[in-house]
Amino acid sequence: MLSYRHAFHAGNHADVLKHTVVVQLLRYLGLKDKAYWYIDTHAGAGVYSLKEGYATKTAEFETGIAKLWEQKDLPAALAEYVEEVGALNPDGQLRYYPGSPYLAWRLMRDQDRMRLFELHSTEIDVLRHNFRDAGRRAMLFGADGFDGIKALLPPPPRRALVLVDPSFEDKRDYTRTLTCVEESLKRFATGTYAVWYPQVTRQESQRFPEQLKQLQPTNWLHLTLTVSHPPSDGFGLYGSGMFILNPPYTLAATMKETLPYLVDKLGQDETAQFKIESRAD
């Protein structure tokens, strides 16, 4: 929905899961010299202030990144993620939070390319400002990412991470995400696709993971982080999931080390838990 502003939720527990995974996926792609593309269907503003504006109204970052910020015993994947957040906060004070595009920009090399979509008119203006010095390596589109990525696949280097992460405030986003991934796989079957989704009481959310599994019966990884019991009023986010198609073979083991720590630090009640499911060729 065009009224959605991610700044309200920046740095929350769902962002911690999503961005920890994104950092690992990009670091893996960077192990080979060959170029890759990073494509984001719903890029947002790229960088968010945690001390002013929308983020201060809900302070959701206090349920996420703030609980990890000064921890000294972070598992390796979380340490790498927090290090990237720290690059935006060199004085050690948690003032800014990076969205997925900023994390990707930090990890890209000269040969890599970024393609970002954002339909919200205000968000795309902020995104363009934040990436005003990006040069040829980044292209930004004020367009619908669900449709826009069709023209980009397959990317010239035949290596890419495609992040599909709409807000899902509009229930049609579930169907549109499934269609987007299905059509993308037909164009570029070997790409890595990472789909973020919310754990909410909406029926569409409950059945979404099983629908994703049907798109590619083999070679996927499903991760969830549940931080609390579903709200009694039926509203609100109580966890989130990441579904990765064609994941790196190392990611499952990495997240087996990471997710128990997140449950311990970010869990809000006794129902906090994680889940890891996978299917390999």
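Using the three backbone atoms N, Cα and C, a Cβ is placed for every residue, glycine included.
All chains included, 26 other C-beta atoms sit within 10 angstroms of the C-beta of Asp165 (active site, proton acceptor). Following the DSSP three-state reduction, the secondary structure of Asp165 (active site, proton acceptor) is coil. Annotation source TrEMBL lists active site, proton acceptor at Asp165.
Annotation source TrEMBL lists S-adenosyl-L-methionine binding site at His19, His42, Ser100, Glu118, Asp144, Gly145, Asp165. Within 10 Å of the C-beta of Gly145 (S-adenosyl-L-methionine binding site) there are 25 other C-beta atoms, taking all protein chains into account.
The annotation site 'Interaction with substrate rRNA' is assigned in TrEMBL to Tyr4.
In this structure, the C-alpha atom of His19 (S-adenosyl-L-methionine binding site) lies 11 angstrom from that of Asp165 (active site, proton acceptor). Cβ crowding, taken as the number of other Cβ atoms within 10 Å, peaks at Glu118 among the binding-site residues Glu118, Asp144. You'll find the Cα of Glu118 (S-adenosyl-L-methionine binding site) roughly 11 Å from the Cα of Asp165 (active site, proton acceptor). You'll find the Cα of His42 (S-adenosyl-L-methionine binding site) roughly 6 Å from the Cα of Asp165 (active site, proton acceptor).
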